[in-house]
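Annotated in Swiss-Prot:
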- 1-81: domain 'Ubiquitin-like' (DOMAIN)
- 103-131: compositional bias 'Polar residues' (COMPBIAS)
- T104: phosphothreonine (MOD_RES)
- S121: phosphoserine (MOD_RES)
- S128: phosphoserine (MOD_RES)
- S150: phosphoserine (MOD_RES)
- S194: phosphoserine (MOD_RES)
- D252: active site (ACT_SITE)
Amino acid sequence: MLLTVYCVRRDLSEVTFSLQVDADFELHNFRALCELESGIPAAESQIVYAERPLTDNHRSLASYGLKDGDVVILRQKENADPRPAVQFSNLPRIDFSSIAVPGTSNPQQRQLPRTQAQHSSPGEMASSPQGLDNPALLRDMLLANPHELSLLKERNPPLAEALLSGDLEKFSRVLVEQQQDRARREQERIRLFSADPFDLEAQAKIEEDIRQQNIEENMTIAMEEAPESFGQVAMLYINCRVNGHPVKAFVDSGAQMTIMSQACAERCNIMRLVDRRWAGIAKGVGTQKIIGRVHLAQVQIEGDFLACSFSILEEQPMDMLLGLDMLKRHQCSIDLKKNVLVIGTTGSQTTFLPEGELPECARLAYGTGREDIRPEEIADQELAEAIQKSAEDAERQKP
């Protein structure tokens, strides 16, 4: 069931969050889960439902009458100092807990139970800024809650990996390291906000901190609302033939001219037609040397034979790229809804290739055992395989 928790801290700050729990979830586990979300130690929390405080930690939430969609109130108890305090009747009562002190954690992080402070060193106290001193309990709660576990995998992969490894020591180590890092960042934030407002360096750091927060918030919203934006898409390739040789061509409407690699031109036996007077440098994301230009050749797409010209590049990982000159010449249109390339001058269409049929250099992953191979090496291997196959065909055709 989904419960909404309205939290009121000791300094009267408020926060609201939702928790997905089972009906048989015991109250003490629910307190620990609220501690994880709000930062209020379980020993200092008071949970109220229907104007009635919930006190028996071993009773289930359902036994208190809680059901899906209910709202509970979480209050932080006031500190009870056993030491006799000197009464100053003429002085007003001032709460100093909300004053930020440079170099220390926030007020909620400093309020630790006395029993824990007696057995914890200062380093251990700094490592548990939110009172999460029981990694085993936290691990059990996360494993018992698939929703929280999926959020952990999405937002904190290192901690999720340590959790799923089954090693409690590793999980505790990663958790403590992240808590210490969070405490250091919080101390740095407090130091910056407490610095001289006219200090340009401090203001620049505050500006950078705000910018990073905006980036994180933007990324969190994107992961929740549009997770598909983090995926990768396969590029648009089609099957065609040049001089009778099969070629996988990349369709790129953003390229000005149609290009072909030198290796592909050699396989298609059109290097003899290269006009080297058209040599130059192709500039885009990078620069590559243009060997020359083939002024006219035929490209077969499905059953159509289309006239096309190629600029031959010396070092090009892909075999052929159909640029805007060829696409406009034949009035081609890219139909992403049907996943086809439509040839406007003939009315025919060809389907874009799935990722499994793309050349190695265009796949999102080069495949098992080929992660370290560069696209240039793959092109050389394909050229060697094509030459070997051509030689074998010539041997078989001999009488």
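Even glycines carry a Cβ here, placed using N, Cα and C.
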### Query
Can you tell me how the residues of the domain 'Ubiquitin-like' (1-81) break down into helix, strand and coil by DSSP?
18 helix, 30 strand, 33 coil
### Task
Tell me, if you would, which residue among S150, S194, D252 (recorded positions) has the fewest other CB atoms within 10 Å in the structure shown?
S150
### Message
Just to confirm my parser: what is the rounded mean pLDDT across the domain 'Ubiquitin-like' (1-81)?
### Response
85
### Query
Which whole-number value in Å describes the distance between the Cα atoms of S150 (phosphoserine) and the residue listed as 'active site'?
38
### Query
Which of the three DSSP-derived classes (helix, strand, coil) applies to S194 (phosphoserine)?
coil
### Task
Work out the three-state DSSP category of S150 (phosphoserine).
helix
### Task
Measure from the CA atom of D252 (active site) to the CA atom of S194 (phosphoserine) and give the result in Å, rounded to a whole number.
54
